[in-house]
Amino acid sequence: MKSSTFGMLALAAAAKLVSAHTTVHAVWINDVDQGEGNSQSGYIRSPPSNSPITDVTSKDMTCNVNNKATAKTLEVKAGDKITFEWHHDSRSESDDIIASSHNGPILVYMAPTEKGTAGNGWVKIAEDGYTDGTWAVETLIKNRGKHSVTVPDVAAGEYLFRPEIIALHEGNREGGAQFYMECVQVKVTSSGSKTLPEGVSIPGAYTATDKGILFNIYDSFDSYPIPGPAVWDGASGSSSSSSSSASASAPAPTSAAPAPSSFTTIAKQPATSSSTEAPSTENTPSETTSTTSAIVSTTAVASTTAPATPSTTSAIASSAAPTNSVPQPSSNAGGAVKEWYQCGGLNYSGSTQCEEGLTCKKWNPYYHQCVSA
């Protein structure tokens, strides 16, 4: 018993030191790469590091620790596909996206920019949890860090889109779940017919003891309760506060250009979108898939080797391409693994050889780590 308790405490302590975290680096619109967006000159409100938020009552749950307007805003229309691209260190092919041990759900919220910045008006528009034995994070890694949503048929204006990962590798204890999120600045240019629901407050939508947050992924289970409100069904009205099921499939809002929202791999394509000049203030903010009447579909598809053909050309409210000035931790993608980095475990595909003087310690079937010998 003592040995088991010590092992769990050691795992919890060591995991805090592991730079196996993740952030959103870029966004694609209708399969067109919008370029690196995680800097003050970009379109993502990015934190200075890829560390998680663990206190569900913190104001940092809204848009992470850097909830300030950035220089650019992406322009979209109802029915457009927005793809979020997550990475551990960089957009390089060798990047491991997020540690394979960090299993859990992926959710996407949206809110009007002014209300969302203040932590209010957040409406869940997509989610993926645990389906047929596969976690959403596992699908994300297979899809090279990409998952997508469809822009609802809402009124024109500026919005924040908030993709979120909840890593549950320490979810067996209260306060152990890790939350990764950023806010992407988006301007909807089409005039939609649907009224966005009132939404929920973030922080406020979760508690540390919610069934989908205080959750032991190492126990035997057949289903997983995704925390937070239900996915919006696309109709005008109020947002429900009830918990969602493991996966969602809801009617899509009517739009002139309906498109499915799916967690899918996107063929790489250079950023060739048009751009316009638009000042920013602190207070203002393909790969072809079959058409379906669903806000979210979590079926993974095989990656394509041919460049995708975008259905529309999106615009960024700036003429300059964003450059990344956000500090990032060093990568351990190739060669010997550095201290505190992952070196093995179920579904892990990276190097298993630790640097000299280190040994690959097995904490549990899902997570092995390089520590001092």
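Backbone N, Cα and C atoms are what each Cβ position is placed from, and that goes for glycine too.
Fair warning: this is a prediction, and the values are worked out from it, not measured in the lab.
Cβ neighbour count for Tyr180 (Cu(2+) binding site) (all protein chains, 10 Å cutoff from its Cβ): 24. Marked as Cu(2+) binding site by Swiss-Prot on the basis of similarity to another entry: His21, His102, Tyr180.
Positions annotated as region 'Disordered' by Swiss-Prot: 36-55 (among others).
Under the heading disulfide bond, Swiss-Prot lists Cys63-Cys183, citing similarity to another entry as support. Around the Cβ of Cys63 (disulfide bond), the same chain contributes Arg45, Gly116, Thr117, Leu160, Arg162, Met181, Glu182, Cys183, each under 8 angstroms and 6 or more positions distant in sequence.
Per Swiss-Prot, the feature O2 binding site maps to His169, Gln178.
According to Swiss-Prot, the feature region 'Disordered' maps to 234-333 (among others).
What Swiss-Prot lists as compositional bias 'Low complexity' is 235-262 (among others).
Per Swiss-Prot, compositional bias 'Low complexity' is recorded for 270-323 (among others).
The compositional bias 'Polar residues' feature in Swiss-Prot is assigned to 324-333.
Annotation source Swiss-Prot lists domain 'CBM1' at 335-371.
Residue counts for the domain 'CBM1' (335-371) under DSSP (helix as H, G, I; strand as E, B; rest coil) come to 0 helix, 17 strand, 20 coil. The Cα of His169 (O2 binding site) lies closest to that of His102, out of the binding-site residues His21, His102, Tyr180. Per-class residue totals from DSSP over the region 'Disordered' (36-55), listed helix then strand then coil: 0 helix, 4 strand, 16 coil. Rounded to a whole value, the Cα-Cα separation of His102 (Cu(2+) binding site) and Gln178 (O2 binding site) is 9 Å. In three-state terms derived from DSSP, His21 (Cu(2+) binding site) belongs to neither a helical nor a strand segment and is classed as coil. Mean pLDDT for the domain 'CBM1' (335-371) in this predicted model: 81.
Ranking the recorded positions Gln178, Cys183 by the number of CB atoms within 10 A of their own CB puts Cys183 at the top.
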